Each structure stands twice: as C-alpha cells, then as structure tokens.
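J.: Copying in the features that TrEMBL gives for the protein in this structure:
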- 1-32: region 'Disordered' (REGION)
- 94-151: domain 'CTLH' (DOMAIN)
- 267-301: repeat 'WD' (REPEAT)
- 312-353: repeat 'WD' (REPEAT)
- 524-560: repeat 'WD' (REPEAT)
Amino acid sequence: MGGVEDDEPASKRLKLASGRLTGLSNGSSLTEPIVGSRDLMARPPQSEGDKDVLGSKGVIKRVEFVRIIAKALHSLGYKKSCAHLEEESGIPLHSSAVDLFMQQVLNGNWDESVVTLHNIGLKDENIVKSACFLILEQKFFELLDGDNVVDALKTLRTEIAPLCINNGRICELSSCIVSSTHCNSVGSSNQDNGRIKPRSKLLEELQKLLPPTVIIPESRLEHLVEQALTLQRDACFFHNSLDKEMSLYSDHQCGRDQIPSRILQILEAHSDEVWFLQFSHNGKYLASSSNDRSAIIWEIDVNGGVSLKHRLSGHQKPVSSVSWSPDDHQLLTCGVEEVVRRWDVSSGECLQVYEKVGLGLVSCGWFPDGKWIFSGINDKSICMWELDGKEVECWKGQKTLKISDLEITSDGKQIISMCRPTAILLLDREAKAERVIEEDQTITSFSLSRDNRFLLVNLLNQEIHLWSIDGNIRLVAKYKGHRRTRFVIRSCFGGLEQAFIACGSEDSQVYIWHRGSGDLVEALPGHSGAVNCVSWNPANPYMLASASDDRTIRIWGLNSLHVKHKSAHSNGTHYCNGGT
C-alpha cells in the first residue's frame with residue numbers, strides 16, 4: 001500500500017512456512033504446517049463463544065479473572081465463598097505447591113519451604129535466590145532470638161552466604177553475631193523495636209517478590225477498580241467532586257454544574273479598587289487588600305455566608321498584598337513600598353510593624369513554622385525577621401523587584417521571587433544555591449501550588465505558564481483567553497486537588513481553565529471593572545472569590561445546591577454553597 005512493491009502480484013509478497021499446500025474449495029491454497037513449525041504470524045481472533053475469555057472486547061482471560069475474584073473473597077474474609085468458587089469453577093486460587101509453600105512459611109518450616117520454593121517452577125533464578133534470602137534471613141533472626149547462636153551462624157555461613165547475593169546485607173547479619181545491640185539496628189527492616197517481624201509480614205514480602213502468576217498480589221482487584229475509577233475521573237473535564245462520591249454502578253461523568261459559576265454574594269466594604277485577596281488555609285476566612293489603604297478580614301460561616309470580621313487600618317499607602325500564617329491565627333499586610341504589619345485575626349489588633357529605615361517593603365510571606373516572616377525590599381534584597389521585628393538574615397543583590405510576589409515552600413527551603421522582569425528566582429536557603437525560571441515576556445505575577453511542585457506565572461503577553469519546579473525546571477502548560485494590557489492580573493490554582501486554573505481579566509470576567517488539558521472551562525461575567533485577583537477556597541472546591549477595580553469582591557458558587565464538600569468547620573459536612 002502506497003509503495004512500488006504494492007504493484008507486484010500478491011503471490012510474490014507472501015512468504016509461506018514450510019509445509020504441505022492443500023487446496024481450498026475456492027481454488028486458493030493454504031499451508032498446513034508440519035509438526036514443530038512456527039505458528040502463522042496472522043492468527044485468527046478468538047471466537048465470540050470462546051470460554052477462555054470474557055467481556056465484549058475479548059481481552060479478559062477467564063482463569064485470571066476467576067483467580068483475582070477468589071483472591072478478593074479470601075482477603076475480605078469470605079474463605080468459604082472462595083473455596084466454593086474454586087470448586088465450582090475448577091480454577092484454584094493457587095497451585096497445591098504454592099499453598100504448601102505459604103503454609104510452610106507461616107509455620108516456620110524454613111528448610112522445607114526452600115525445597116518447595118524450588119519445586120514451584122520459577123524460571124528466574126534471581127527471584128528464587130532473593131526469595132530464599134528472605135526466608136533464610138528470617139530463620140537466622142529467629143534462631144538468634146532464641147539464643148541459638150551456633151545454628152544462626154551455621155545458617156549464615158552454609159545457607160545464606162552461598163546464595164552470593166546482597167553481600168552488604170550479609171556483612172550486617174554477621175555483625176549481629178557479635179553484638180545484639182547492633183542486631184536491633186541491622187534488623188530494623190526485619191524487626192520492630194528489636195522483635196522478630198511476624199511471619200505473615202514475611203509472606204507479604206514474598207508475595208511482592210514472586211511473579212503474580214504464582215501468587216496474586218494482595219488487593220489486586222481493588223487496585224484494578226481504583227485504576228478504572230481514576231482513569232474515569234482524570235478523563236472527566238469538569239471533575240470537581242469528592243472521589244468518595246464516585247460509584248461502581250455507573251461510569252463517572254461530571255457536568256458543568258460542578259464549577260463555581262454563580263454569584264452568591266457581592267461584598268462592598270472597600271471604598272476603592274480591590275487589588276488582592278486570599279482565603280485562609282482552613283477556608284474559614286478571606287482577607288482582601290485595597291487601594292483604599294485598608295485590608296479586611298472576612299469570616300465564612302457554616303452556611304457559606306461571608307461577613308466582615310475586621311477592617312485593618314494603619315497603612316499610609318495602598319495595601320498591595322496579604323499573607324496568612326500557617327495556623328491562620330495571624331495575617332500579614334504589605335503596603336506599597338511601605339511597611340509590613342502583622343495582625344491578630346481574632347481581635348483585629350496590630351501586633352507588629354516591620355520596616356527598614358529609608359527603604360520600602362514590597363512583599364511578605366511566612367516561614368512554615370510561623371516563627372519568622374519574609375519580606376522583599378525595594379533595594380532588591382529579601383529579609384527574614386523574627387516575629388518581634390528583629391532581622392535574622394538578609395539576602396542582598398538582585399533577589400526581588402519593586403513589584404513581585406513572594407512564596408516560601410512548605411519545607412522552608414526555597415524562597416521564590418521575581419529577580420528580573422523576565423525571570424523568577426528559586427533561592428535554596430540551606431544549599432545556598434539558585435535556580436532561575438527564564439521567560440521571554442515580562443512577568444507580572446506568580447503563585448505556588450499547594451504541593452510546592454508547580455509555579456503559575458502570569459505574563460505581559462496575556463499568557464499564563466505552568467512550570468514544574470520539582471527537579472528539573474520545565475514548562476508544562478500554557479493558558480490563554482483572558483485580557484491583560486495595563487494592570488497586574490493574578491491567577492491561582494483551585495478546585496478539588498487543584499485541578500483548575502482561575503484568573504482575573506481586564507474585560508471584567510473571571511476565567512477558568514482545566515489544568516491538565518489547558519482548555520477554557522468558563523468565562524464568568526459579573527464585575528464592572530478589571531478583575532485583579534482571584535482566590536479559590538482550599539477547603540471548599542465550590543467557592544471562588546474575585547476582586548475588582550469596581551471596588552467589590554464577588555463570591556462564586558455552584559448553580560446546584562446538592563453537592564457536598566469537605567467542611568472547613570468542625571461541625572461536619574455542609575453543602576457546596578454553604579447550605580447545611
């Protein structure tokens with residue numbers, strides 16, 4: 001097909017196996033292979049009535065299917081049902097040799113189990129040796145535990161060492177003969193607090209080592225079902241519901257109604273443009289900052305209603321950003337090239353002011369243990385402070401910009417900031433090493449994923465780039481569609497397992513993309529000015545907030561009121577839009 005050779009007669013392109021040609025009724029011929037010859041490359045498919053396979057696709061082998069079901073029944077404790085299935089189907093869960101081997105291991109018949117292992121019919125000699133090593137190692141430790149040092153030494157010298165594998169481990173076992181204290185540390189992988197591990201644990205290790213055709217892996221049926229559900233979930237474009245709500249009774253598919261797209265509340269307490277907002281880690285609060293030189297802490301009640309808790313006043317310049325403490329008990333606010341203030345969330349009291357004489361602070365963030373704070377300075381340095389205002393450390397040089405976000409990874413090792421208009425610095429505090437993300441366009445903002453593995457970067461050219469920073473830095477995805485011509489527009493991760501990307505836009509809409517595919521899911525109208533910032537509630541995948549130049553904050557939820565989520569509150573589960 002498609003080549004010169006295709007013009008040749010079919011007979012010239014067929015290569016027949018050695019054998020005797022026999023005539024067919026239609027005048028053609030076939031080869032009748034001789035005994036011992038190779039099968040034809042093109043073999044007929046299984047017939048629909050073939051009892052060796054199951055399912056409409058003909059890919060499920062009947063024997064494997066029955067054995068896996070029997071294994072699941074046995075693991076669930078339905079041993080009689082397992083036995084009945086074996087008897088009725090004529091398909092044993094394990095061969096008689098394997099059953100004998102497993103019983104010998106549980107009984108501690110070590111020499112007999114090694115003999116049986118060799119009779120099971122394993123073809124890979126390395127697997128046989130590794131399994132023997134595990135069995136004899138258990139024998140060695142049990143002999144030592146019974147103060148039978150002579151026999152333990154004999155086992156090590158005449159049974160374990162001749163296997164000629166894992167020489168490092170053999171040296172460790174030898175040290176156990178000399179020192180029982182050292183034996184406890186050496187046997188840590190085999191013992192718990194110096195005691196011999198249960199033989200059932202040894203059997204589990206052997207099951208993982210031996211081929212699945214010999215001993216079916218534990219929880220194999222559960223794994224296959226979970227795999228099928230996971231594939232359905234990952235293929236679901238709008239998936240934003242709890243996995244526990246997925247059912248085995250039908251294929252999983254979410255609708256558009258899983259995405260927060262309805263305005264539930266409009267918050268109008270700010271008197272000027274709202275520039276920044278962020279939900280607390282526990283989802284109980286929302287903090288916003290504005291050009292009106294104030295920040296506001298909003299409280300979310302058990303029904304999902306949002307109300308003003310504290311107005312934080314004291315900044316002499318517009319408040320550019322906020323940052324929640326790890327325990328959500330305190331809040332940082334940063335004025336534009338001014339100071340950083342630390343507030344008590346419960347009382348609304350200002351606890352500390354952080355400043356540098358002659359310089360302005362431009363960003364803020366918390367160390368994961370909540371004992372230090374970080375701030376970018378307008379001389380391009382980054383400083384770390386104790387809570388009482390004492391400066392602990394300062395990284396000077398080209399570390400940050402006057403307009404830059406600031407993130408600290410949850411292990412406290414990396415500080416992330418814009419070091420140049422087109423570059424983001426990942427500064428490793430402990431290794432004192434630097435990595436850089438280079439972009440072709442000017443960067444306007446960025447945010448860090450909850451698992452610290454990805455960075456979401458907004459660019460001047462109206463694109464959002466998703467970078468993997470776990471290991472080698474690489475560009476993963478791009479998102480387009482929103483408008484950005486003059487202002488700093490911020491994006492965020494959100495939804496269940498942060499499966500979506502949300503972003504503001506200068507066309508007064510909120511844009512939502514599917515993180516994996518990059519496809520645009522929603523463009524939400526409602527604001528009457530540029531949407532500067534969005535934040536997705538980390539404890540409620542159905543609650544989204546947006547801040548705008550129209551001086552309002554909009555709270556978005558689902559059109560449906562019947563989807564449950566993990567409550568951020570202590571009184572249990574409540575519904576997507578707050579309804580209990």
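The count begins at 1 with the first shown residue.
Using the three backbone atoms N, Cα and C, a Cβ is placed for every residue, glycine included.
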J.: Do any residues of this chain, six or more beyond the ends of the repeat 'WD' (267-301), have a C-beta under 8 angstroms from a C-beta of it, and if so which?
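T.: Sequence-distant neighbours of the repeat 'WD' (267-301): 307-313, 315-324, 326, 328, 331, 333, 335, 343, 345, 348, 488, 490, 529, 532-540, 543, 545-549, 551-555, 568-569, 578.
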J.: Taking the domain 'CTLH' (94-151) alone, what is its mean pLDDT?
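T.: A mean pLDDT of 92 is what the predicted model shows over the domain 'CTLH' (94-151).
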J.: Within the domain 'CTLH' (94-151), count helix residues (DSSP H, G, I), strand residues (E, B) and coil residues, in that order.
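T.: Going by DSSP assignments, the domain 'CTLH' (94-151) contains 46 helix, 0 strand, 12 coil.
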J.: Can you break down the repeat 'WD' (312-353) into helix, strand and coil residue counts using DSSP?
T.: 0 helix, 24 strand, 18 coil
